Amino acid sequence: MTQQRTLARYLTEEQRNKGVITGDLKLLIEVVSRACQAISIAIGKGGLGGVLGEAGSDNVQGEAQKKLDVLSNDILLDANEWGGHLAAMASEEMDLPHLVPHRFPKGEYLLTFDPLDGSSNIDVNVSIGTIFSVLKCPEGADLSTPEAAEQAFLQPGTAQVAAGYAVYGPTTLLVLTVGDGVAVFTLDREQGQFILTLENVQIPADTKEFAINMSNQRFWEAPVQRYVAEMQVGKEGPLGKDYNMRWVASMVADVHRIMTRGGIFMYPMDSKIKGQGGKLRLMYEANPMAMLIEQAGGAATTGRQRILDIQPEKLHQRVPVILGSKNEVERVTGYHSA
């Protein structure tokens, strides 16, 4: 019988045998995974736990917070601030970085996260998730105040040392990269551990599925209008094949489908959101997903630029996102430069 490989064993092998990660990064990822387990338990209780519904507050983006948004954010903060692996954390739900309290030791890493992606789907029981990214804290970074600490986070996605997401669906999955391919872990609730169930994930280069919010079609730029119109024409058109559309309105769920069977996900620039730069947040949504997608052989761009090459200007910066099967992403990106 083949012995199960837990997340802890997988990370130990990445550290000991391959030298890909440090001991502190291994421990940090394990702590994040335990926080995701706690979030999964809270979500699973639903109305029985009194965690559904609105929190009665807005986040820094002006979005109404769900009770589970706030709870998930608190779980991640509480789990990670005392372990000695982090210098600071940043979240979609907080205006400024969260500094490690003085009573705890500080480490060399920075953690950014969207504690509960797709939270508008909570009350209708659709898959949601947690997205996270890990960066090295620059030497000599000013962490004296939350305002000063923001500068330490403003690194391009190529600087990420790990990225991942948890999917809270029929099963709870953790999808992870430490820069050595993509691995998928399934939560064994009886053991209370994530078990490796898929390694070296590869996204097909071609696809017949696309994910986009068609209700925004009239606001899209011409290159995306062209690409979607060509897909809708099907095999009689220039792409020569019929496409299916899928849209969950939960980035984690949509991206995980692409990670599993290929496809292209688009939240492109449109005229409604041009002033804010895009819809999705660069630091804790686009960058970690782009790292995962590229590690699995896909591509991720804004339509005009590789996402991982963007130099962030602010913590909550937004960007257009086009990611997934490489040939499809390159096609629509090429339309932007035509």
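One is the number of the first residue shown, and numbering goes on along the chain from there.
Just so it is clear, glycine is given a Cβ too, placed from its N, Cα and C backbone atoms.
Note that this is a predicted model, so its numbers are computed, not measured.
The Mg(2+) 1 binding site feature in Swiss-Prot is assigned to E92, D114, L116; the stated evidence is sequence analysis. Around L116 (Mg(2+) 1 binding site), taking its Cβ as the centre, 31 other Cβ atoms fall within 10 Å, counting all chains.
Counting every protein chain shown, the number of other Cβ atoms lying within 10 Å of the Cβ of D114 (Mg(2+) 1 binding site) is 28. Reduced to three states, the DSSP call for D114 (Mg(2+) 1 binding site) is strand. Swiss-Prot lists D114, D117, E285 with the feature Mg(2+) 2 binding site, giving sequence analysis as the kind of evidence.
As annotated by Swiss-Prot, substrate binding site applies to D117, G118, S119, S120, N213, K279. The number of other CB atoms found within 10 A of the CB of N213 (substrate binding site), across every protein chain shown, is 14. The DSSP secondary structure for N213 (substrate binding site) is coil.
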From the centroid of the CB atoms of D114, D117, E285, the recorded Mg(2+) 2 site, which same-chain residues not already listed sit within 8 A by their CB, in sequence order?
E92, F113, G118, G129, T130, I131, Y165, M251, V252, L280, R281, Y284
How many other Cβ atoms sit within 10 Å of the Cβ of S120 (substrate binding site)?
14
Other residues with Cβ within 8 Å of the Cβ centroid of E92, D114, L116 at the Mg(2+) 1 site?
D69, S72, N73, S91, E93, F113, P115, D117, S119, T130, I131, Y284, E285
Can you check which residues sit near K279 (substrate binding site), meaning Cβ under 8 Å from its Cβ, same chain, 6 or more apart in sequence, and list them in order?
Y267, I273, R318, P320, V321
Give the residue from the binding-site residues E92, D117, E285 that has the most other Cβ atoms within 10 Å of its Cβ, counting over every protein chain displayed.
D117
